[in-house]
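Here's the structure, in structure tokens; my notes come after.
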Amino acid sequence: MDSNTAPLGPSCPQPPPAPQPQARSRLNATASLEQERSERPRAPGPQAGPGPGVRDAAAPAEPQAQHTRSRERADGTGPTKGDMEIPFEEVLERAKAGDPKAQTEVGKHYLQLAGDTDEELNSCTAVDWLVLAAKQGRREAVKLLRRCLADRRGITSENEREVRQLSSETDLERAVRKAALVMYWKLNPKKKKQVAVAELLENVGQVNEHDGGAQPGPVPKSLQKQRRMLERLVSSESKNYIALDDFVEITKKYAKGVIPSSLFLQDDEDDDELAGKSPEDLPLRLKVVKYPLHAIMEIKEYLIDMASRAGMHWLSTIIPTHHINALIFFFIVSNLTIDFFAFFIPLVIFYLSFISMVICTLKVFQDSKAWENFRTLTDLLLRFEPNLDVEQAEVNFGWNHLEPYAHFLLSVFFVIFSFPIASKDCIPCSELAVITGFFTVTSYLSLSTHAEPYTRRALATEVTAGLLSLLPSMPLNWPYLKVLGQTFITVPVGHLVVLNVSVPCLLYVYLLYLFFRMAQLRNFKGTYCYLVPYLVCFMWCELSVVILLESTGLGLLRASIGYFLFLFALPILVAGLALVGVLQFARWFTSLELTKIAVTVAVCSVPLLLRWWTKASFSVVGMVKSLTRSSMVKLILVWLTAIVLFCWFYVYRSEGMKVYNSTLTWQQYGALCGPRAWKETNMARTQILCSHLEGHRVTWTGRFKYVRVTDIDNSAESAINMLPFFIGDWMRCLYGEAYPACSPGNTSTAEEELCRLKLLAKHPCHIKKFDRYKFEITVGMPFSSGADGSRSREEDDVTKDIVLRASSEFKSVLLSLRQGSLIEFSTILEGRLGSKWPVFELKAISCLNCMAQLSPTRRHVKIEHDWRSTVHGAVKFAFDFFFFPFLSAA
């Protein structure tokens, strides 16, 4: 047998039979290896050394060996490079017993042998021994593995992945690996390769036992928390058996901040609180675990209930729910206006983003509980590995749990930009002020205690600055106290920003300094460990100050004290509130037509009721539970982003072209772009030249010639026409008006005109009040009065006429005009400038010579939103939200 032969690993080739002389240590190794091949002795534990099971995890030595290795590390004793008195056989036996230092020495020995002979075989064996040592957290073995990986020595397709994984481990992960090894063998005293989860749970109590055994007296609460945490850690895997590698991987995920969700599903005191409760009082997840038979019976009853409801499915096939849904949808969409969107969209954005803020804050509270459990597990690991870098572990945890904070800040962005635009009449500012104050306090209490001096001072500074800023708007007459909140000097900083010198400004500067100090902790790693979590408290506090400015004293009393007292007075107030509610509803119904309301509600509720019947699996409890999941927040943020981008594109399109208030007269336009210019050159050249006038807002005077209706839109009529004939006539009379009867008493011109159509109409009633009209007005140039009062032929040229498009809001004034009326109108030059009969949009109109009884004398102006000033106000509010009272937008 070859004297250089190593124990064969699964990926190593057979050694060549070429003996060579070696040193005395190698002869000792040869003898031990020959004995190993012939007898195959196994050391205590699941693994003896490299061989058929070389890829398995190595078991550590007995507890006495653990203390021996600790003393060797402390005293610097044990096998070293210069210590040649210890025979290699003894080192090999230690390596087989699981000593990581001996395994490293054996790996180094075979690396030296690989330099002389059988390089591939010895290198492969050395890597196998080094892998075993690296799995126990041996730093020297990791360095040698990195060198082997770089030189491709002993690296095969079977071990390359494992070598890369061990070589890339950080010091923190190696420390966690060491602690996990000790904990695993305490949980597995029989040194099995795989242990059942139930057996591990039975041995959890042994982890907290010291060398002298269990300590007398009650178990400290910290040890109880560590024991519960360890039980959750063991039961976090779905496997029935857990091996050493599985346990180590769980702890490595912990080191990276990826904590199993089962660790934080419930509080530490849940088991004590749920003791003695009946199955009906337990949550669903605990009911399934603790009382499975009772849960199965409930599921059976639920399935029977679903089966009974499924019989209603045939009803949905008879009633055309999709058609009804489509009719309602198109009726709603066709009646939507820009005014409605300008009112509704900011409210939707505000409420959705505020709900998203609340959900993200609840997720942050959940993470604060995770922080507490995280530190409990850290303390447990520190008992077995004092070299564990706790700060680095906390940094990893904080970095991997920044998602709810990012979602929260994005939600704050939407709240800030939508609040100044949204209608305050539809926002309960007093109630929201109380809610924001509550979340300010609770978010502060959930912060880490490591930065407590800075967070406490920051919150006190922020609250003081906010209260001082509120003093000038207080209704009380405290002139000396209000001076503290007033601005003494304003210094312009550029054209857009103003620097305010005041007491709140100085406090704000100090607050920024505290932010910097929090971020500076742990070499600026405190930015996402301490500063970002505190921003949740900061944003809630700033939002409460802003909403307080829109609140009233009575509303704050109602929101803070009234609702609290309402809980105690609930039995007495129920009857009174019910009576008041009935009276209010009766008053509301008497002011409206009850039949019309009932029919509308019934039609709209049919699809909803059928959908509820067919979707019996809908769970309100599940919906409430899902609010703490990030998927709901992501969905809200995606929709908010889409809505804001859509509105932004609309505003950008409508405000992109600046309107120029031109002094251009109609006569000048006619000379440049009228028939005279066409005759001098041609119409196409004239159109190209006149395109330079695009965007001019002009106010001209002209002669009204005629107006015509170009389009009539009635979505209600379209929807009713799709219904059966008798239902359609009934709904026309319900929602519309009946044709009047022709009688000598009809004095109204409109009634007289309608009564003539009664015999010709195919329905007894009409719903023309829902009509939306689009008009086109033809306007000619005004006549110039000559000396003899004659009009030139050129002035009455119809090719100089222009056409104005008008919406339904100009209906009243347009129907009162007569041919030849002198009108003043405003429009914007755009479109087919320089052609015959250019078409412009009517912006404003007034009649100059109409009789007062036919048309009001006021000017009819098209209602248009000033989107530019709206966006400017939102941006100014957002800037002041973040920087006031230090800076404010000009």
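Note that Cβ sites are derived from N, Cα and C of the backbone, with glycine treated the same way.
Over in Swiss-Prot, the protein carries these features:
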type: COMPBIAS; residues: 10-20; note: compositional bias 'Pro residues'
type: MOD_RES; residues: M1; note: N-acetylmethionine
type: MOD_RES; residues: S32; note: phosphoserine
type: MOD_RES; residues: S157; note: phosphoserine
type: TOPO_DOM; residues: 653-869; note: topological domain 'Lumenal'
type: TRANSMEM; residues: 314-334; note: transmembrane segment
type: TRANSMEM; residues: 340-360; note: transmembrane segment
type: TRANSMEM; residues: 402-422; note: transmembrane segment
type: TRANSMEM; residues: 427-447; note: transmembrane segment
type: TRANSMEM; residues: 465-485; note: transmembrane segment
type: TRANSMEM; residues: 496-516; note: transmembrane segment
type: TRANSMEM; residues: 529-549; note: transmembrane segment
type: TRANSMEM; residues: 563-583; note: transmembrane segment
type: TRANSMEM; residues: 589-609; note: transmembrane segment
type: TRANSMEM; residues: 632-652; note: transmembrane segment
type: TRANSMEM; residues: 870-890; note: transmembrane segment
Does DSSP give S157 (phosphoserine) helix, strand or coil?
coil
So, taking each listed stretch (402-422, 427-447, 465-485, 529-549, 632-652) in turn and counting its Cβ pairs to the transmembrane segment (870-890) that are under 8 angstroms, which one gives the highest count?
402-422
Given the transmembrane segment (402-422), which of the listed stretches 340-360, 465-485, 496-516, 529-549, 632-652 has the most Cβ pairs that are under 8 Å apart from it?
340-360
Checking distant contacts: for the transmembrane segment (632-652), what same-chain residues at least six beyond its ends satisfy Cβ-Cβ under 8 A?
345, 348-349, 352-353, 355-356, 359-360, 363, 404, 407, 410-411, 414, 417, 626, 867-868, 870-871
Same-chain residue ranges lying at least 6 outside the transmembrane segment (496-516) that approach it to Cβ under 8 Å:
454, 457-458, 461-462, 464-466, 468-469, 484-490, 531, 534, 879, 884-890
What stretch in 340-360, 465-485, 529-549 has the biggest tally of Cβ pairs under 8 Å against the transmembrane segment (427-447)?
529-549
In terms of Cβ proximity under 8 Å, which residues at least six beyond the ends of the transmembrane segment (529-549) contact it?
357, 361, 364, 394-395, 398, 402, 405, 408-409, 412, 415, 419, 429, 432-433, 436-437, 439-440, 443-444, 446-448, 450-451, 454-455, 458-459, 462-463, 466, 469-470, 473, 515, 518-519, 521-522, 556, 881-882
What number of additional C-beta atoms lies within 10 angstroms of the C-beta atom of S157 (phosphoserine)?
7
Overall pLDDT of the topological domain 'Lumenal' (653-869), taken as the mean:
79
